[in-house]
């Protein structure tokens, strides 16, 4: 909890086995995200997500090589904390459990904004920018590391804006009808189309697209981290 310990005796800090495997797991996860993005549904923020995955891969590798595993683990834990709630909210949405989806989305939004706009800049960025400067002083990789962390923080602000935007629409409409990032480019869009002759008011699609392709039919849960 004392972030100054991230820099005491740096760079001669032992790398424990659990941190080693945690880093390997995280690195493999972000590599998989980067490749699967090309086969997933195309969204408006495709370029931003691709940049995010590249920066994450570089940060994980860079911090491991430079033995910044202590502060790197803090960054990873904070950014992982909201992911489980997001995926659970998506599953509730696809299963059409509306109340559960709404509850999980609210919990996700609170955790996401608290960790990424509160704890991350005030706790982690504070130690990488100021405490590290005080204890070990600036060095060439210090500048690269903090520049990438600031870039991540900029992306956090962008996604927080999207979450707040969805929440505001939910308040005004009673529910969120779509993920603002979505550009649907999938042949599966027509799978849930209503057969001819049915009452259009009973349709389960919005603008001809299905809920699993970026649009939220009844929930607020189609955000990707």
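A Cβ is built for glycine as well, from the same backbone N, Cα and C atoms used for every other residue.
Range 143-164 is the one annotated as transmembrane segment, of 77-98, 143-164 (source: TrEMBL). Ranked by number of Cβ pairs under 8 Å to the transmembrane segment (101-123), the listed stretches 20-39, 46-65, 143-164 are led by 143-164.
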